[in-house]
(Lines of atoms letter the chains of each structure in order from A and count residues from 1; the text may use other names and numbers.)
(Lines give C-alpha, C1' and ligand atoms only; values in the text may rest on other atoms or scores of the structure.)
Protein backbone atom coordinates (compact mmCIF):
# COMPACT_ATOMS: atom_id res chain seq x y z
CA UNK A 1 0.00 0.00 0.00
CA UNK A 2 1.49 3.33 -1.00
CA UNK A 3 0.43 6.92 -0.63
CA UNK A 4 1.13 10.14 -2.45
CA UNK A 5 3.70 12.75 -1.54
CA UNK A 6 3.96 13.76 2.10
CA UNK A 7 2.78 17.30 2.84
CA UNK A 8 3.38 17.59 6.58
CA UNK A 9 6.76 18.39 8.04
CA UNK A 10 7.77 18.69 11.66
CA UNK A 11 10.37 20.82 13.31
CA UNK A 12 11.43 21.41 16.89
CA UNK A 13 10.03 24.94 17.17
CA UNK A 14 6.42 24.07 16.34
CA UNK A 15 6.36 20.67 18.01
CA UNK A 16 4.11 21.76 20.88
CA UNK A 17 1.73 23.72 18.66
CA UNK A 18 0.13 20.42 17.64
CA UNK A 19 -1.37 20.16 14.22
CA UNK A 20 0.32 23.15 12.60
CA UNK A 21 2.40 23.19 9.42
CA UNK A 22 5.09 20.62 10.05
CA UNK A 23 7.19 21.67 7.08
CA UNK A 24 8.92 24.13 9.38
CA UNK A 25 10.71 26.07 6.67
CA UNK A 26 13.29 23.38 5.94
CA UNK A 27 13.62 24.15 2.22
CA UNK A 28 17.37 24.47 2.38
CA UNK A 29 17.57 21.01 3.90
CA UNK A 30 15.39 19.56 1.19
CA UNK A 31 17.40 21.22 -1.53
CA UNK A 32 20.56 19.78 -0.10
CA UNK A 33 19.17 16.38 -0.99
CA UNK A 34 17.62 17.32 -4.32
CA UNK A 35 20.78 18.99 -5.57
CA UNK A 36 23.09 16.27 -4.36
CA UNK A 37 24.63 14.20 -7.16
CA UNK A 38 23.14 10.72 -7.19
CA UNK A 39 25.40 7.74 -6.90
CA UNK A 40 28.77 7.59 -5.22
CA UNK A 41 31.52 5.18 -4.52
CA UNK A 42 29.92 2.18 -2.89
CA UNK A 43 27.20 -0.23 -3.87
CA UNK A 44 23.95 -0.62 -1.96
CA UNK A 45 24.39 2.70 -0.17
CA UNK A 46 25.58 5.57 -2.34
CA UNK A 47 26.82 2.98 -4.80
CA UNK A 48 27.51 3.27 -8.48
CA UNK A 49 24.90 2.15 -11.01
CA UNK A 50 26.95 0.29 -13.57
CA UNK A 51 25.40 -3.01 -14.63
CA UNK A 52 22.23 -1.83 -12.87
CA UNK A 53 20.30 -5.07 -13.24
CA UNK A 54 23.22 -7.37 -12.50
CA UNK A 55 23.73 -8.37 -8.86
CA UNK A 56 26.68 -6.51 -7.36
CA UNK A 57 28.30 -7.63 -4.13
CA UNK A 58 27.62 -5.15 -1.32
CA UNK A 59 30.78 -3.47 -0.07
CA UNK A 60 30.95 -1.89 3.37
CA UNK A 61 31.65 1.84 3.03
CA UNK A 62 34.57 3.54 4.71
CA UNK A 63 32.43 5.49 7.14
CA UNK A 64 35.36 7.55 8.43
CA UNK A 65 35.47 9.11 4.96
CA UNK A 66 31.80 9.01 4.01
CA UNK A 67 30.05 10.18 7.18
CA UNK A 68 31.45 13.75 7.17
CA UNK A 69 30.02 14.20 3.66
CA UNK A 70 26.47 13.38 4.75
CA UNK A 71 23.95 16.00 5.88
CA UNK A 72 23.06 16.08 9.55
CA UNK A 73 19.59 15.03 10.66
CA UNK A 74 17.22 15.50 13.61
CA UNK A 75 16.35 12.55 15.84
CA UNK A 76 15.51 13.92 19.31
CA UNK A 77 11.88 15.04 19.40
CA UNK A 78 10.90 14.25 22.95
CA UNK A 79 9.44 17.04 25.08
CA UNK A 80 8.60 15.80 28.55
CA UNK A 81 5.01 16.45 29.57
CA UNK A 82 4.66 18.52 32.74
CA UNK A 83 2.68 15.73 34.45
CA UNK A 84 5.54 13.33 33.81
CA UNK A 85 8.12 15.87 34.95
CA UNK A 86 6.30 16.38 38.25
CA UNK A 87 6.22 12.69 39.19
CA UNK A 88 8.54 11.71 42.00
CA UNK A 89 11.19 9.04 41.73
CA UNK A 90 9.19 6.84 44.10
CA UNK A 91 6.09 7.12 41.90
CA UNK A 92 8.13 6.18 38.84
CA UNK A 93 9.70 3.22 40.66
CA UNK A 94 6.27 2.01 41.77
CA UNK A 95 4.88 2.29 38.22
CA UNK A 96 7.76 0.28 36.81
CA UNK A 97 7.36 -2.34 39.51
CA UNK A 98 3.63 -2.71 38.85
CA UNK A 99 4.34 -3.19 35.14
CA UNK A 100 7.23 -5.64 35.74
CA UNK A 101 9.51 -3.18 34.01
CA UNK A 102 13.30 -3.30 34.27
CA UNK A 103 15.50 -0.61 32.77
CA UNK A 104 19.22 -0.21 32.22
CA UNK A 105 21.42 2.55 30.87
CA UNK A 106 21.86 6.18 31.82
CA UNK A 107 19.63 9.25 31.43
CA UNK A 108 16.56 7.14 30.76
CA UNK A 109 13.40 9.23 30.32
CA UNK A 110 10.55 8.69 32.74
CA UNK A 111 7.66 6.51 31.54
CA UNK A 112 4.39 8.10 30.48
CA UNK A 113 1.00 6.76 31.55
CA UNK A 114 -1.42 8.22 28.97
CA UNK A 115 -1.37 8.88 25.23
CA UNK A 116 -1.47 12.64 25.80
CA UNK A 117 1.66 12.48 27.96
CA UNK A 118 3.64 10.90 25.11
CA UNK A 119 3.85 14.28 23.41
CA UNK A 120 2.90 13.05 19.96
CA UNK A 121 1.77 15.70 17.47
CA UNK A 122 -1.96 15.79 16.78
CA UNK A 123 -1.66 13.99 13.46
CA UNK A 124 -0.30 10.94 15.32
CA UNK A 125 -2.41 11.29 18.45
CA UNK A 126 -5.67 11.49 16.50
CA UNK A 127 -4.89 8.25 14.66
CA UNK A 128 -4.19 6.48 17.97
CA UNK A 129 -7.38 7.69 19.62
CA UNK A 130 -9.42 6.77 16.55
CA UNK A 131 -8.42 3.14 17.14
CA UNK A 132 -10.19 3.23 20.49
CA UNK A 133 -7.22 2.23 22.64
CA UNK A 134 -7.84 2.77 26.35
CA UNK A 135 -4.26 3.43 27.44
CA UNK A 136 -0.71 2.59 26.35
CA UNK A 137 0.69 -0.85 27.10
CA UNK A 138 3.58 -1.18 29.53
CA UNK A 139 6.21 -1.37 26.81
CA UNK A 140 4.73 1.68 25.08
CA UNK A 141 4.75 3.72 28.30
CA UNK A 142 8.52 3.40 28.54
CA UNK A 143 9.38 2.72 24.89
CA UNK A 144 7.86 5.87 23.39
CA UNK A 145 9.90 8.35 25.46
CA UNK A 146 13.02 6.30 24.74
CA UNK A 147 12.44 6.18 20.99
CA UNK A 148 11.34 9.82 20.67
CA UNK A 149 14.49 10.96 22.48
CA UNK A 150 16.60 9.70 19.59
CA UNK A 151 18.55 7.17 21.66
CA UNK A 152 19.53 3.71 20.50
CA UNK A 153 17.41 1.29 22.48
CA UNK A 154 16.68 -2.36 23.19
CA UNK A 155 13.12 -3.42 23.97
CA UNK A 156 12.49 -6.88 25.39
CA UNK A 157 8.84 -7.84 25.54
CA UNK A 158 6.58 -10.73 24.68
CA UNK A 159 4.79 -11.01 21.35
CA UNK A 160 1.45 -9.21 21.52
CA UNK A 161 2.65 -6.57 23.99
CA UNK A 162 2.21 -3.62 21.64
CA UNK A 163 5.83 -3.36 20.54
CA UNK A 164 4.98 -2.60 16.88
CA UNK A 165 3.43 0.75 17.80
CA UNK A 166 6.33 1.32 20.21
CA UNK A 167 8.60 1.90 17.22
CA UNK A 168 6.08 2.69 14.47
CA UNK A 169 4.70 5.94 15.91
CA UNK A 170 8.10 7.46 16.81
CA UNK A 171 9.23 6.43 13.32
CA UNK A 172 6.42 8.48 11.77
CA UNK A 173 7.46 11.52 13.83
CA UNK A 174 11.07 10.92 12.75
CA UNK A 175 10.11 10.84 9.06
CA UNK A 176 8.15 14.08 9.25
CA UNK A 177 11.21 15.85 10.65
CA UNK A 178 13.43 14.88 7.69
CA UNK A 179 13.76 16.41 4.23
CA UNK A 180 11.32 14.97 1.70
CA UNK A 181 12.49 12.11 -0.49
CA UNK A 182 14.11 13.03 -3.77
CA UNK A 183 13.89 10.83 -6.89
CA UNK A 184 16.17 7.84 -6.42
CA UNK A 185 16.22 8.06 -2.64
CA UNK A 186 15.68 4.96 -0.54
CA UNK A 187 13.69 4.84 2.71
CA UNK A 188 14.16 6.93 5.83
CA UNK A 189 12.85 4.18 8.12
CA UNK A 190 13.91 0.56 7.62
CA UNK A 191 12.28 -2.27 9.57
CA UNK A 192 13.81 -5.75 9.33
CA UNK A 193 11.57 -8.68 10.27
CA UNK A 194 12.10 -12.47 10.20
CA UNK A 195 9.06 -13.49 8.13
CA UNK A 196 6.83 -12.15 5.40
CA UNK A 197 3.78 -12.60 7.63
CA UNK A 198 5.24 -10.33 10.31
CA UNK A 199 6.43 -7.88 7.65
CA UNK A 200 2.90 -7.60 6.22
CA UNK A 201 1.49 -7.17 9.72
CA UNK A 202 3.93 -4.31 10.40
CA UNK A 203 3.03 -2.72 7.07
CA UNK A 204 -0.65 -2.74 8.05
CA UNK A 205 0.14 -0.74 11.20
CA UNK A 206 2.42 1.67 9.32
CA UNK A 207 -0.29 2.26 6.70
CA UNK A 208 -2.95 2.84 9.33
CA UNK A 209 -1.02 5.35 11.41
CA UNK A 210 0.96 6.98 8.59
CA UNK A 211 -2.10 7.72 6.47
CA UNK A 212 -2.73 11.25 7.71
CA UNK A 213 0.90 12.21 6.99
CA UNK A 214 0.79 10.63 3.53
CA UNK A 215 3.76 8.49 4.45
CA UNK A 216 4.34 5.79 1.88
CA UNK A 217 5.51 2.31 2.76
CA UNK A 218 6.60 -0.78 0.91
CA UNK A 219 6.83 -4.38 2.08
CA UNK A 220 9.68 -6.42 0.60
CA UNK A 221 9.82 -10.18 1.17
CA UNK A 222 10.65 -13.40 -0.63
CA UNK A 223 8.34 -16.05 -2.01
CA UNK A 224 6.72 -13.76 -4.57
CA UNK A 225 7.94 -12.18 -7.84
CA UNK A 226 10.11 -9.09 -7.42
CA UNK A 227 8.36 -7.01 -10.10
CA UNK A 228 5.65 -5.35 -7.99
CA UNK A 229 8.04 -4.72 -5.12
CA UNK A 230 10.52 -3.12 -7.53
CA UNK A 231 7.77 -0.82 -8.85
CA UNK A 232 6.83 0.20 -5.32
CA UNK A 233 10.46 0.91 -4.43
CA UNK A 234 10.99 2.93 -7.60
CA UNK A 235 8.08 5.22 -6.69
CA UNK A 236 9.76 6.02 -3.39
CA UNK A 237 8.74 4.97 0.11
CA UNK A 238 9.60 6.60 3.40
CA UNK A 239 9.22 3.26 5.18
CA UNK A 240 10.47 -0.10 3.93
CA UNK A 241 9.59 -3.24 5.88
CA UNK A 242 11.69 -6.16 4.69
CA UNK A 243 12.92 -9.65 5.31
CA UNK A 244 16.73 -9.69 5.16
CA UNK A 245 17.21 -11.98 2.17
CA UNK A 246 14.90 -10.16 -0.24
CA UNK A 247 16.23 -6.75 0.80
CA UNK A 248 19.76 -7.83 -0.03
CA UNK A 249 18.50 -9.00 -3.43
CA UNK A 250 17.06 -5.54 -4.07
CA UNK A 251 20.22 -3.79 -2.91
CA UNK A 252 22.48 -5.97 -5.04
CA UNK A 253 20.51 -5.26 -8.22
CA UNK A 254 20.33 -1.56 -7.42
CA UNK A 255 16.56 -1.29 -7.00
CA UNK A 256 16.87 0.60 -3.73
CA UNK A 257 19.57 2.00 -1.46
CA UNK A 258 20.01 2.79 2.21
CA UNK A 259 21.65 6.21 1.99
CA UNK A 260 18.66 7.97 3.59
CA UNK A 261 18.06 5.48 6.42
CA UNK A 262 18.35 7.26 9.76
CA UNK A 263 15.87 5.12 11.78
CA UNK A 264 16.56 1.38 11.82
CA UNK A 265 14.39 -1.23 13.54
CA UNK A 266 15.32 -4.87 14.08
CA UNK A 267 12.05 -6.57 15.05
CA UNK A 268 12.05 -10.04 16.62
CA UNK A 269 15.84 -10.00 16.53
CA UNK A 270 16.02 -13.30 18.40
CA UNK A 271 13.85 -15.03 15.78
CA UNK A 272 15.93 -13.61 12.93
CA UNK A 273 19.08 -15.04 14.49
CA UNK A 274 17.33 -18.37 15.16
CA UNK A 275 16.49 -18.53 11.47
CA UNK A 276 20.11 -17.94 10.44
CA UNK A 277 19.78 -14.34 9.23
CA UNK A 278 22.73 -12.93 11.17
CA UNK A 279 25.09 -12.66 8.14
CA UNK A 280 22.39 -10.88 6.12
CA UNK A 281 21.55 -8.53 9.00
CA UNK A 282 25.20 -7.58 9.41
CA UNK A 283 25.59 -7.02 5.67
CA UNK A 284 22.55 -4.72 5.63
CA UNK A 285 23.43 -2.73 8.76
CA UNK A 286 26.95 -2.16 7.45
CA UNK A 287 25.38 -0.18 4.57
CA UNK A 288 23.63 2.29 6.90
CA UNK A 289 25.23 5.44 8.31
CA UNK A 290 26.52 4.70 11.83
CA UNK A 291 24.98 7.82 13.42
CA UNK A 292 21.49 6.49 12.69
CA UNK A 293 19.02 5.69 15.47
CA UNK A 294 18.73 1.93 15.99
CA UNK A 295 15.94 0.14 17.85
CA UNK A 296 16.24 -3.57 18.56
CA UNK A 297 13.20 -5.55 19.67
CA UNK A 298 13.28 -9.09 20.97
CA UNK A 299 11.18 -11.47 23.05
CA UNK A 300 14.29 -13.02 24.61
CA UNK A 301 17.82 -11.83 25.39
CA UNK A 302 20.28 -14.61 24.49
CA UNK A 303 23.99 -13.99 24.11
CA UNK A 304 23.76 -13.86 20.30
CA UNK A 305 21.29 -10.97 20.44
CA UNK A 306 23.41 -9.24 23.10
CA UNK A 307 26.44 -9.45 20.81
CA UNK A 308 24.52 -8.03 17.85
CA UNK A 309 23.37 -5.14 20.03
CA UNK A 310 26.91 -4.55 21.29
CA UNK A 311 28.20 -4.40 17.71
CA UNK A 312 25.60 -2.05 16.22
CA UNK A 313 23.96 0.01 18.98
CA UNK A 314 25.63 3.12 20.37
CA UNK A 315 25.32 3.63 24.14
CA UNK A 316 21.86 2.00 24.18
CA UNK A 317 19.19 2.21 26.84
CA UNK A 318 17.12 -0.88 27.53
CA UNK A 319 13.63 -1.67 28.77
CA UNK A 320 12.41 -5.13 29.59
CA UNK A 321 8.81 -5.98 30.47
CA UNK A 322 8.46 -9.24 32.39
CA UNK A 323 11.16 -11.66 33.43
CA UNK A 324 14.12 -12.61 31.26
CA UNK A 325 13.46 -16.15 32.37
CA UNK A 326 11.47 -17.96 29.70
CA UNK A 327 7.83 -18.07 30.77
CA UNK A 328 4.34 -18.37 29.35
CA UNK A 329 1.52 -15.88 29.78
CA UNK A 330 -0.55 -16.53 32.88
CA UNK A 331 -3.64 -15.75 30.80
CA UNK A 332 -3.22 -19.10 29.04
CA UNK A 333 -4.57 -22.35 30.44
CA UNK A 334 -2.03 -25.05 29.55
CA UNK A 335 -3.33 -28.60 29.13
CA UNK A 336 -0.85 -31.38 28.38
CA UNK A 337 -1.98 -34.90 27.50
CA UNK A 338 0.56 -37.70 27.47
CA UNK A 339 -0.55 -39.88 24.55
CA UNK A 340 0.70 -42.24 21.89
CA UNK A 341 0.78 -41.14 18.26
CA UNK A 342 -2.29 -43.15 17.27
CA UNK A 343 -4.36 -41.46 20.02
CA UNK A 344 -3.75 -37.95 18.74
CA UNK A 345 -6.55 -37.79 16.18
CA UNK A 346 -9.21 -38.83 18.65
CA UNK A 347 -7.94 -36.32 21.21
CA UNK A 348 -7.89 -33.62 18.52
CA UNK A 349 -11.54 -34.23 17.67
CA UNK A 350 -12.46 -34.06 21.34
CA UNK A 351 -10.95 -30.61 21.75
CA UNK A 352 -12.34 -29.31 18.48
CA UNK A 353 -15.80 -30.34 19.62
CA UNK A 354 -15.25 -28.31 22.79
CA UNK A 355 -13.85 -25.31 20.92
CA UNK A 356 -16.67 -25.26 18.36
CA UNK A 357 -19.25 -24.63 21.09
CA UNK A 358 -18.20 -20.99 20.75
CA UNK A 359 -19.67 -19.55 17.55
CA UNK A 360 -16.63 -17.27 17.10
CA UNK A 361 -13.91 -19.79 17.90
CA UNK A 362 -10.52 -19.78 16.22
CA UNK A 363 -8.15 -22.73 16.67
CA UNK A 364 -4.53 -22.83 15.54
CA UNK A 365 -3.06 -26.34 15.23
CA UNK A 366 0.71 -26.86 15.01
CA UNK A 367 2.26 -29.78 13.17
CA UNK A 368 5.93 -30.69 12.84
CA UNK A 369 6.14 -31.04 9.05
CA UNK A 370 4.50 -29.73 5.89
CA UNK A 371 3.28 -33.22 5.07
CA UNK A 372 1.72 -33.62 8.50
CA UNK A 373 0.01 -30.24 8.06
CA UNK A 374 -1.61 -31.43 4.86
CA UNK A 375 -2.50 -34.84 6.33
CA UNK A 376 -4.23 -33.29 9.35
CA UNK A 377 -6.07 -30.78 7.19
CA UNK A 378 -7.25 -33.48 4.78
CA UNK A 379 -8.46 -35.67 7.64
CA UNK A 380 -10.30 -32.80 9.34
CA UNK A 381 -12.00 -31.64 6.15
CA UNK A 382 -13.12 -35.17 5.34
CA UNK A 383 -14.55 -35.27 8.85
CA UNK A 384 -16.54 -32.07 8.34
CA UNK A 385 -14.26 -29.54 10.00
CA UNK A 386 -13.57 -26.15 8.30
CA UNK A 387 -9.78 -26.43 8.29
CA UNK A 388 -7.07 -24.98 6.05
CA UNK A 389 -3.29 -25.40 6.09
CA UNK A 390 -0.43 -22.95 5.79
CA UNK A 391 3.21 -23.89 5.27
CA UNK A 392 6.27 -23.00 3.24
CA UNK A 393 5.39 -25.04 0.15
CA UNK A 394 2.31 -22.92 -0.52
CA UNK A 395 2.75 -19.81 -2.64
CA UNK A 396 2.26 -16.39 -1.13
CA UNK A 397 -1.14 -15.76 -2.69
CA UNK A 398 -2.52 -18.97 -1.21
CA UNK A 399 -0.95 -18.23 2.17
CA UNK A 400 -2.52 -14.78 2.19
CA UNK A 401 -5.90 -16.26 1.29
CA UNK A 402 -5.67 -18.86 4.07
CA UNK A 403 -4.74 -16.19 6.61
CA UNK A 404 -7.65 -14.02 5.51
CA UNK A 405 -10.08 -16.93 5.79
CA UNK A 406 -8.77 -17.64 9.28
CA UNK A 407 -8.87 -14.00 10.37
CA UNK A 408 -12.45 -13.41 9.32
CA UNK A 409 -13.63 -16.74 10.75
CA UNK A 410 -14.75 -18.38 7.52
CA UNK A 411 -12.16 -21.06 8.26
CA UNK A 412 -11.85 -21.07 12.06
CA UNK A 413 -9.28 -23.88 12.08
CA UNK A 414 -5.78 -23.36 10.67
CA UNK A 415 -3.04 -26.00 10.64
CA UNK A 416 0.50 -24.60 10.45
CA UNK A 417 4.19 -25.32 10.77
CA UNK A 418 6.38 -23.21 13.04
CA UNK A 419 8.05 -21.36 10.18
CA UNK A 420 4.76 -20.48 8.49
CA UNK A 421 3.19 -19.27 11.73
CA UNK A 422 6.06 -17.02 12.82
CA UNK A 423 4.98 -13.41 12.82
CA UNK A 424 1.29 -14.19 12.35
CA UNK A 425 -0.83 -11.97 14.59
CA UNK A 426 -4.50 -12.96 14.45
CA UNK A 427 -6.88 -11.59 17.04
CA UNK A 428 -9.30 -13.85 18.85
CA UNK A 429 -7.47 -17.19 18.77
CA UNK A 430 -9.17 -19.18 21.55
CA UNK A 431 -7.24 -22.44 21.27
CA UNK A 432 -3.72 -23.44 20.29
CA UNK A 433 -3.23 -27.18 19.82
CA UNK A 434 0.25 -28.68 19.62
CA UNK A 435 -0.60 -31.80 17.62
CA UNK A 436 3.16 -32.34 17.42
CA UNK A 437 5.34 -30.88 20.15
CA UNK A 438 8.04 -28.45 18.98
CA UNK A 439 11.73 -29.27 19.11
CA UNK A 440 12.56 -26.81 21.90
CA UNK A 441 10.87 -25.07 24.80
CA UNK A 442 11.28 -21.60 23.26
CA UNK A 443 9.10 -22.61 20.34
CA UNK A 444 6.55 -24.06 22.76
CA UNK A 445 6.22 -20.72 24.54
CA UNK A 446 6.13 -18.88 21.22
CA UNK A 447 3.41 -21.19 19.86
CA UNK A 448 1.05 -21.00 22.81
CA UNK A 449 1.56 -17.24 22.93
CA UNK A 450 -0.72 -16.99 19.89
CA UNK A 451 -3.63 -17.13 22.32
CA UNK A 452 -4.22 -15.18 25.52
CA UNK A 453 -3.01 -11.93 23.98
CA UNK A 454 -3.73 -8.30 24.88
CA UNK A 455 -5.31 -9.27 28.19
CA UNK A 456 -7.58 -11.97 26.75
CA UNK A 457 -7.62 -15.55 27.99
CA UNK A 458 -6.87 -18.65 25.94
CA UNK A 459 -6.25 -22.37 26.09
CA UNK A 460 -3.23 -24.33 24.85
CA UNK A 461 -3.45 -28.10 24.43
CA UNK A 462 -0.34 -30.19 23.79
CA UNK A 463 -0.04 -33.85 22.84
CA UNK A 464 3.11 -35.13 24.53
CA UNK A 465 4.58 -38.48 23.44
CA UNK A 466 7.53 -40.58 24.55
CA UNK A 467 9.50 -39.01 21.68
CA UNK A 468 9.18 -35.63 23.41
CA UNK A 469 10.76 -36.74 26.68
CA UNK A 470 13.69 -34.38 26.19
CA UNK A 471 11.28 -31.47 26.63
CA UNK A 472 9.63 -32.89 29.73
CA UNK A 473 11.57 -31.17 32.50
CA UNK A 474 11.53 -27.73 30.85
CA UNK A 475 7.83 -28.07 30.00
CA UNK A 476 7.02 -28.89 33.61
CA UNK A 477 9.06 -25.87 34.73
CA UNK A 478 7.12 -23.56 32.40
CA UNK A 479 3.82 -24.96 33.65
CA UNK A 480 4.82 -24.65 37.30
CA UNK A 481 5.82 -21.01 36.85
CA UNK A 482 2.36 -20.31 35.40
CA UNK A 483 0.60 -22.23 38.21
CA UNK A 484 -0.83 -24.84 35.84
CA UNK A 485 -2.12 -28.30 36.69
CA UNK A 486 0.53 -30.87 35.74
CA UNK A 487 -0.85 -34.31 34.84
CA UNK A 488 0.65 -37.25 36.77
CA UNK A 489 1.67 -38.87 33.48
CA UNK A 490 3.96 -35.93 32.70
CA UNK A 491 5.68 -35.98 36.08
CA UNK A 492 7.56 -39.07 34.94
CA UNK A 493 9.76 -36.67 32.98
CA UNK A 494 10.40 -34.26 35.86
CA UNK A 495 13.99 -34.35 37.08
CA UNK A 496 12.75 -33.78 40.62
CA UNK A 497 10.70 -36.98 40.57
CA UNK A 498 12.45 -38.94 37.85
CA UNK A 499 12.05 -42.67 38.17
CA UNK A 500 8.60 -42.55 39.75
CA UNK A 501 5.81 -44.61 38.31
CA UNK A 502 3.01 -43.12 36.25
CA UNK A 503 -0.55 -44.15 35.45
CA UNK A 504 -1.54 -45.53 32.11
CA UNK A 505 -1.80 -42.87 29.41
CA UNK A 506 -5.18 -41.25 29.28
CA UNK A 507 -6.58 -43.01 32.36
CA UNK A 508 -9.42 -41.11 33.95
CA UNK A 509 -10.07 -38.76 30.98
CA UNK A 510 -12.87 -41.00 29.67
CA UNK A 511 -15.93 -39.71 27.88
CA UNK A 512 -15.13 -41.20 24.47
CA UNK A 513 -16.51 -44.71 24.93
CA UNK A 514 -13.32 -46.30 23.65
CA UNK A 515 -11.76 -46.19 20.19
CA UNK A 516 -13.56 -49.28 18.93
CA UNK A 517 -16.82 -47.47 18.37
CA UNK A 518 -15.30 -45.27 15.70
CA UNK A 519 -15.12 -48.11 13.18
CA UNK A 520 -11.91 -46.66 11.77
CA UNK A 521 -11.12 -42.99 11.16
CA UNK A 522 -12.60 -43.03 7.68
CA UNK A 523 -16.15 -43.89 8.68
CA UNK A 524 -16.54 -43.30 12.38
CA UNK A 525 -18.00 -39.83 11.92
CA UNK A 526 -20.81 -40.73 9.58
CA UNK A 527 -23.31 -38.33 11.11
CA UNK A 528 -20.91 -35.46 11.70
CA UNK A 529 -21.45 -33.69 8.41
CA UNK A 530 -25.06 -33.06 9.33
CA UNK A 531 -23.93 -31.10 12.35
CA UNK A 532 -21.91 -28.81 10.08
CA UNK A 533 -24.65 -27.97 7.58
CA UNK A 534 -24.88 -24.49 9.05
CA UNK A 535 -21.50 -23.85 7.45
CA UNK A 536 -23.07 -24.05 4.03
CA UNK A 537 -21.44 -27.29 2.96
CA UNK A 538 -17.83 -26.73 3.84
CA UNK A 539 -16.74 -29.53 1.58
CA UNK A 540 -17.95 -27.54 -1.46
CA UNK A 541 -16.53 -24.09 -0.88
CA UNK A 542 -14.69 -24.03 -4.16
CA UNK A 543 -11.38 -24.90 -2.49
CA UNK A 544 -11.89 -28.61 -2.18
CA UNK A 545 -8.52 -29.35 -3.71
CA UNK A 546 -6.67 -27.30 -1.06
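Residue positions begin at 1 at the first shown residue.
Heads up, the Cβ atoms here are built off N, Cα and C, so glycines get one too.
According to Swiss-Prot, the feature ATP binding site maps to 157, 158, 159, 160, 161, 162, 163, 164, an assignment based on sequence analysis. Summarising the annotation, Swiss-Prot assigns compositional bias 'Polar residues' to 8-17. According to Swiss-Prot, the feature compositional bias 'Basic and acidic residues' maps to 20-33. Residues or ranges marked as compositional bias 'Gly residues' in Swiss-Prot: 498-540. Per Swiss-Prot, the feature phosphoserine maps to 88, 90. If you look up Swiss-Prot, you'll see 1-56, 493-546 marked as region 'Disordered'. The motif 'Q motif' annotation in Swiss-Prot covers 113-141. Among the features that Swiss-Prot reports, motif 'DEAD box' is placed at 267-270.
Each residue in the motif 'DEAD box' (267-270) gets a DSSP state, and the totals come to 2 helix, 0 strand, 2 coil. Long-range contacts of the motif 'DEAD box' (267-270) within the same chain, counting only residues at least 6 positions beyond its ends with a Cβ under 8 Å from a Cβ of the stretch, are 159, 163-164, 167, 191-194, 198, 202, 296-302, 304-305, 308-309, 422-423.
Other than 157, 158, 159, 160, 161, 162, 163, 164, the residues of this chain whose Cβ falls within 8 Å of the Cβ centroid of the ATP site are, in sequence order, 137, 139, 166, 299. In the motif 'Q motif' (113-141), helix, strand and coil residues by DSSP number 16 helix, 0 strand, 13 coil. Here the C-alpha separation of residue 163 (ATP binding site) and residue 90 (phosphoserine) works out to 26 Å. Taking the Cα of residue 90 (phosphoserine) as the reference point, the closest of the binding-site residues 157, 158, 159, 162 is 157.
The most densely surrounded of the binding-site residues 160, 162, judged by C-beta neighbours within 10 angstroms, is 160.
Minimal Cβ crowding within 10 Å, among the recorded positions 88, 161, 164, is found at 88. Taking the C-alpha positions, the distance from residue 157 (ATP binding site) to residue 88 (phosphoserine) comes to 26 Å.
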